[in-house]
Amino acid sequence: MKPSIILYKTLPDDLLHRLEAHFTVTQVPNLHPETVARHAQAFSSAQGLLGASETVNRALLEKMSALRAASTISVGYDNVEVDALTARKIVLMHTPAVLTETVADTVMALMLATARRVVDVAERVKAGEWTESIGPAWFGVDVHHKTLGIVGMGRIGMALAQRAHFGFTMPVLYHARRRHQEAEDRFNARYCDLDTLLQEADFVCVILPLTAETRHLFGATQFARMKSSAIFINAGRGPVVDENALIAALQNGEIYAAGLDVFEQEPLSVDSPLLNMSNVVAVPHIGSATHETRYNMMACAVDNLIDALQGKIEKNCVNPQAAG
C-alpha cells in the first residue's frame, strides 16, 4: 500500500503523476483549519506534506500524527515551525539550489530599475509627459563602477557578486556571519562589518533569511548611516527591514531610492506610502518567479519528498537531526 500525502499546491500534470506513482495523494487548496477539519482522515494518516506559502505550525502538526516529512516549494521556511517538526522527528525539505541564478537576476534588475529610474520614466512616457528632449529631471545614476554592498553572502549573494564584478566592474563589499573565501578570491570581495558596509556602499543589497537575529536588522539607525545617494535593495525577507523606518528615510532624503521584492506584510497594502514614491520600485515577491525556475522548484520539492520518505535526506534537508 502506498504512503499517503497531502498536496496543497497545484502541480503540472507530469509532476503530479510522479507523485501519484509513489503516493496516494490528497489535494487540498490550503492548510486552513476548516480545510484540515474537512479532510481530517487524510490529514491524520498522511506521512508527507508538500506545498508552499502556508503556515505549518504546532496546531497543524497535532492533526497530522503520522507525518514523517514536509517538503516546501521554496528556499525560505520562516512560515514553518521547524522546532516543532524536529521535536516530532519530522524532516523538512526545501529547494535552495534551483532558484539562485533567477533571484540574482531579479536583484540586478531592481538595481538597474532604481538607479536608471526605469519604472518612473516609463510611466511618464505613457502619461504623455515626453513632449521635448529630456533634461536632468529625467536622469538617473550609473550602476557600473559603483560599490556594491551585499548583506548575506550565500548562494544568491555569490551569484549577485559575480554579475556585479564581471558585468559591471563594481567593487564588492559583503557582510555575513563568517568570511567567504571564495567570494574574496573570485570577486575580490572585501569583508567588513555592517556599519562600514552601510557607510561605503552605493548599493546595499539585503539577501537574508528571517530569523530572530535578522528581524528589523535594518532600522532608522542603519538608514542614517547610509549615503544620501545610496540605493537600498531588499530581496530577502520583508521583516528584516523596519518598513516605517525605510519610508521615513526615503521621505527625508536619507537615501536615494529603494528596490523592494519583499515587504513586512504581503501583499503590500494598497495605501502603503511606498506606492506613492517615484523613487521606489516595488514588485510582488517575484524573486524566483519565472516559468522555468518555478517548475524546477516544484520538481525539486517532489523529488525531495520522495527521497525523504525513502529515508534519503543527504541533500536539501533543513533539520537532518530529526531523522536521528
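Along the chain as shown, residues are numbered 1 onward.
Backbone N, Cα and C atoms are what each Cβ position is placed from, and that goes for glycine too.
Annotation source Swiss-Prot lists active site at ARG237 (among others). Around the Cβ of ARG237 (active site), a 10 Å sphere holds 23 further Cβ atoms from the protein chains shown.
Around the Cβ of GLU266 (active site), a 10 Å sphere holds 12 further Cβ atoms from the protein chains shown. GLU266 (active site) falls outside any helix or strand according to DSSP and counts as coil. The active site annotation in Swiss-Prot covers GLU266 (among others).
Counting only residues at least six positions away in the same chain, the Cβ atoms of ASP261, VAL262, PHE263, GLU266 sit under 8 Å from the Cβ of HIS285 (active site, proton donor). Among the features that Swiss-Prot reports, active site, proton donor is placed at HIS285.
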Give the helix, strand or coil assignment DSSP yields for HIS285 (active site, proton donor).
coil
Reduce the DSSP letter at ARG237 (active site) to three states and note it down.
coil
